[in-house]
Amino acid sequence: MSFALFVAFCFLMMVVVCYFGLVTRGTEAPSQRWKTLGISTTLSALVCGISLLVWSQLKSDIPELVKPTPFKNGETMMLELQQALKNDPNNSKDWFALGQMYMQTNEFDAAITCFDYSIRLSQNPYAGQYAAIATAKYYSESQTMTPDVLSFLDKALQMDELNDTALLLIASDHFLNSRYADAIVQWTKILDSNRPGIQRAALIEKINQAKSML
(Lines of atoms letter the chains of each structure in order from A and count residues from 1; the text may use other names and numbers.)
(Lines give C-alpha, C1' and ligand atoms only; values in the text may rest on other atoms or scores of the structure.)
Protein backbone atom coordinates (compact mmCIF):
# COMPACT_ATOMS: atom_id res chain seq x y z
CA MET A 1 0.00 0.00 0.00
CA SER A 2 1.47 3.40 -0.98
CA PHE A 3 1.56 6.35 1.43
CA ALA A 4 -0.87 8.34 -0.75
CA LEU A 5 -3.37 5.48 -0.64
CA PHE A 6 -2.97 5.30 3.12
CA VAL A 7 -3.73 9.03 3.51
CA ALA A 8 -6.80 8.72 1.29
CA PHE A 9 -8.02 5.75 3.34
CA CYS A 10 -7.60 7.65 6.62
CA PHE A 11 -9.43 10.68 5.22
CA LEU A 12 -12.32 8.50 4.07
CA MET A 13 -12.60 6.82 7.46
CA MET A 14 -12.58 10.19 9.24
CA VAL A 15 -15.37 11.44 6.98
CA VAL A 16 -17.43 8.35 7.75
CA VAL A 17 -16.91 8.67 11.48
CA CYS A 18 -17.63 12.40 11.50
CA TYR A 19 -20.74 11.86 9.38
CA PHE A 20 -21.90 9.27 11.87
CA GLY A 21 -21.30 11.77 14.64
CA LEU A 22 -23.26 14.53 12.90
CA VAL A 23 -26.21 12.27 12.23
CA THR A 24 -26.21 11.06 15.80
CA ARG A 25 -25.97 14.58 17.23
CA GLY A 26 -29.05 15.56 15.30
CA THR A 27 -31.13 13.10 17.31
CA GLU A 28 -29.46 13.65 20.68
CA ALA A 29 -30.28 16.02 23.47
CA PRO A 30 -28.09 19.17 23.63
CA SER A 31 -26.35 17.89 26.76
CA GLN A 32 -25.09 14.84 24.86
CA ARG A 33 -23.81 16.55 21.70
CA TRP A 34 -20.40 17.55 23.07
CA LYS A 35 -19.95 14.09 24.48
CA THR A 36 -20.79 12.54 21.09
CA LEU A 37 -18.39 14.93 19.33
CA GLY A 38 -15.60 13.82 21.65
CA ILE A 39 -16.34 10.18 20.93
CA SER A 40 -16.31 10.86 17.17
CA THR A 41 -12.96 12.62 17.42
CA THR A 42 -11.50 9.77 19.48
CA LEU A 43 -12.78 7.21 16.98
CA SER A 44 -11.24 9.17 14.11
CA ALA A 45 -7.87 9.23 15.83
CA LEU A 46 -8.14 5.53 16.64
CA VAL A 47 -8.96 4.66 13.02
CA CYS A 48 -5.95 6.65 11.81
CA GLY A 49 -3.70 5.00 14.36
CA ILE A 50 -4.80 1.49 13.43
CA SER A 51 -4.49 2.29 9.73
CA LEU A 52 -0.98 3.63 10.25
CA LEU A 53 -0.01 0.47 12.12
CA VAL A 54 -1.41 -1.74 9.34
CA TRP A 55 0.32 0.31 6.65
CA SER A 56 3.65 0.13 8.48
CA GLN A 57 3.34 -3.64 8.79
CA LEU A 58 2.48 -4.05 5.12
CA LYS A 59 5.37 -1.85 4.14
CA SER A 60 7.79 -3.86 6.28
CA ASP A 61 6.59 -7.10 4.69
CA ILE A 62 7.44 -5.97 1.17
CA PRO A 63 10.81 -7.50 0.28
CA GLU A 64 13.45 -5.25 -1.19
CA LEU A 65 14.11 -5.77 -4.84
CA VAL A 66 17.29 -7.72 -5.44
CA LYS A 67 19.52 -5.94 -7.89
CA PRO A 68 20.27 -8.26 -10.81
CA THR A 69 23.88 -9.25 -11.32
CA PRO A 70 25.23 -7.35 -14.31
CA PHE A 71 25.58 -9.65 -17.29
CA LYS A 72 29.14 -10.08 -18.45
CA ASN A 73 29.62 -10.58 -22.16
CA GLY A 74 32.52 -12.47 -23.66
CA GLU A 75 34.56 -9.36 -24.35
CA THR A 76 34.26 -8.18 -20.75
CA MET A 77 35.26 -11.58 -19.39
CA MET A 78 38.23 -11.73 -21.75
CA LEU A 79 39.44 -8.30 -20.64
CA GLU A 80 39.11 -9.34 -17.01
CA LEU A 81 41.12 -12.50 -17.62
CA GLN A 82 43.81 -10.56 -19.47
CA GLN A 83 44.04 -8.09 -16.59
CA ALA A 84 44.18 -10.94 -14.06
CA LEU A 85 47.08 -12.50 -15.97
CA LYS A 86 48.93 -9.19 -15.99
CA ASN A 87 48.70 -9.24 -12.21
CA ASP A 88 49.49 -12.95 -11.91
CA PRO A 89 51.06 -14.33 -15.12
CA ASN A 90 51.71 -17.72 -13.51
CA ASN A 91 48.05 -18.59 -12.99
CA SER A 92 47.50 -21.79 -14.97
CA LYS A 93 43.71 -21.75 -14.53
CA ASP A 94 43.37 -18.24 -15.93
CA TRP A 95 45.50 -19.15 -18.94
CA PHE A 96 43.25 -22.12 -19.61
CA ALA A 97 40.08 -20.03 -19.21
CA LEU A 98 41.46 -17.39 -21.57
CA GLY A 99 42.26 -20.12 -24.10
CA GLN A 100 38.66 -21.28 -23.96
CA MET A 101 37.50 -17.72 -24.61
CA TYR A 102 39.74 -17.51 -27.68
CA MET A 103 38.33 -20.82 -28.93
CA GLN A 104 34.83 -19.32 -28.81
CA THR A 105 35.97 -16.45 -31.04
CA ASN A 106 37.84 -18.80 -33.43
CA GLU A 107 41.21 -17.28 -32.51
CA PHE A 108 42.92 -20.65 -32.51
CA ASP A 109 46.55 -19.53 -32.53
CA ALA A 110 45.92 -17.36 -29.47
CA ALA A 111 44.14 -20.28 -27.83
CA ILE A 112 47.14 -22.55 -28.51
CA THR A 113 49.43 -20.06 -26.78
CA CYS A 114 47.14 -19.89 -23.75
CA PHE A 115 46.75 -23.66 -23.45
CA ASP A 116 50.50 -24.10 -23.83
CA TYR A 117 51.13 -21.70 -20.93
CA SER A 118 48.44 -23.46 -18.90
CA ILE A 119 50.17 -26.82 -19.36
CA ARG A 120 53.67 -25.52 -18.65
CA LEU A 121 52.56 -23.68 -15.51
CA SER A 122 50.70 -26.69 -14.09
CA GLN A 123 52.49 -28.92 -11.62
CA ASN A 124 50.32 -31.82 -12.75
CA PRO A 125 48.84 -31.24 -16.23
CA TYR A 126 45.55 -33.05 -16.78
CA ALA A 127 43.83 -34.65 -19.75
CA GLY A 128 41.54 -31.70 -20.43
CA GLN A 129 44.49 -29.40 -21.05
CA TYR A 130 46.04 -31.72 -23.64
CA ALA A 131 42.67 -32.30 -25.30
CA ALA A 132 42.08 -28.55 -25.46
CA ILE A 133 45.41 -27.74 -27.12
CA ALA A 134 44.89 -30.66 -29.53
CA THR A 135 41.52 -29.20 -30.52
CA ALA A 136 42.97 -25.70 -30.99
CA LYS A 137 45.82 -27.05 -33.15
CA TYR A 138 43.38 -29.17 -35.18
CA TYR A 139 41.27 -26.15 -36.15
CA SER A 140 44.34 -23.96 -36.59
CA GLU A 141 45.55 -26.50 -39.18
CA SER A 142 42.27 -26.38 -41.12
CA GLN A 143 40.83 -29.46 -39.40
CA THR A 144 43.79 -31.70 -40.04
CA MET A 145 45.06 -34.45 -37.74
CA THR A 146 48.70 -33.39 -37.72
CA PRO A 147 51.36 -35.29 -35.74
CA ASP A 148 51.16 -32.61 -33.03
CA VAL A 149 47.41 -33.00 -32.74
CA LEU A 150 47.68 -36.78 -32.53
CA SER A 151 50.42 -36.53 -29.92
CA PHE A 152 48.35 -34.32 -27.65
CA LEU A 153 45.30 -36.53 -28.13
CA ASP A 154 47.34 -39.58 -27.15
CA LYS A 155 48.50 -37.84 -23.96
CA ALA A 156 44.94 -36.86 -23.09
CA LEU A 157 43.54 -40.35 -23.63
CA GLN A 158 46.39 -42.00 -21.73
CA MET A 159 45.38 -39.94 -18.71
CA ASP A 160 41.64 -40.31 -19.28
CA GLU A 161 40.44 -42.75 -21.92
CA LEU A 162 36.92 -41.28 -21.79
CA ASN A 163 37.87 -37.62 -21.99
CA ASP A 164 34.93 -36.16 -23.86
CA THR A 165 36.86 -33.27 -25.46
CA ALA A 166 39.35 -35.67 -27.03
CA LEU A 167 36.70 -38.15 -28.13
CA LEU A 168 34.54 -35.38 -29.62
CA LEU A 169 37.47 -34.18 -31.70
CA ILE A 170 38.21 -37.69 -32.97
CA ALA A 171 34.54 -38.29 -33.76
CA SER A 172 34.23 -34.98 -35.60
CA ASP A 173 37.26 -35.79 -37.73
CA HIS A 174 35.84 -39.22 -38.58
CA PHE A 175 32.51 -37.68 -39.56
CA LEU A 176 34.18 -34.94 -41.60
CA ASN A 177 36.05 -37.58 -43.57
CA SER A 178 32.97 -39.76 -44.10
CA ARG A 179 34.04 -42.42 -41.61
CA TYR A 180 30.57 -42.50 -40.12
CA ALA A 181 30.84 -45.87 -38.35
CA ASP A 182 34.02 -44.75 -36.58
CA ALA A 183 32.36 -41.48 -35.58
CA ILE A 184 29.43 -43.40 -34.09
CA VAL A 185 31.85 -45.50 -32.01
CA GLN A 186 33.42 -42.39 -30.44
CA TRP A 187 30.12 -40.62 -29.76
CA THR A 188 28.74 -43.81 -28.23
CA LYS A 189 31.74 -43.99 -25.87
CA ILE A 190 30.93 -40.52 -24.61
CA LEU A 191 27.24 -41.33 -24.29
CA ASP A 192 27.90 -44.56 -22.38
CA SER A 193 30.31 -42.86 -19.98
CA ASN A 194 27.32 -41.17 -18.29
CA ARG A 195 29.58 -38.37 -17.15
CA PRO A 196 27.98 -35.17 -15.87
CA GLY A 197 27.86 -32.29 -18.33
CA ILE A 198 27.69 -34.30 -21.55
CA GLN A 199 24.99 -33.17 -23.97
CA ARG A 200 23.11 -36.41 -24.46
CA ALA A 201 20.48 -35.03 -26.83
CA ALA A 202 23.13 -33.54 -29.13
CA LEU A 203 25.14 -36.78 -29.11
CA ILE A 204 22.10 -38.89 -29.96
CA GLU A 205 21.26 -36.53 -32.81
CA LYS A 206 24.81 -36.84 -34.18
CA ILE A 207 24.71 -40.63 -33.93
CA ASN A 208 21.38 -40.81 -35.76
CA GLN A 209 22.66 -38.45 -38.43
CA ALA A 210 25.74 -40.62 -38.97
CA LYS A 211 23.61 -43.78 -39.09
CA SER A 212 21.46 -42.25 -41.80
CA MET A 213 24.57 -41.73 -43.91
CA LEU A 214 25.95 -45.25 -43.66
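Each residue's number is its place along the chain shown, starting with 1.
Keep in mind that glycine also has a Cβ here, set from the backbone N, Cα and C atoms.
Any TrEMBL annotation is an automated prediction that lacks curation.
Database features (TrEMBL):
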- 75-192: domain 'Cytochrome c-type biogenesis protein H TPR' (DOMAIN)
- 92-125: repeat 'TPR' (REPEAT)
- 6-24: transmembrane segment (TRANSMEM)
- 36-55: transmembrane segment (TRANSMEM)
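Break the domain 'Cytochrome c-type biogenesis protein H TPR' (75-192) down by DSSP state and the numbers are 92 helix, 0 strand, 26 coil. Taken together, the residues of the repeat 'TPR' (92-125) have an average pLDDT of 97.
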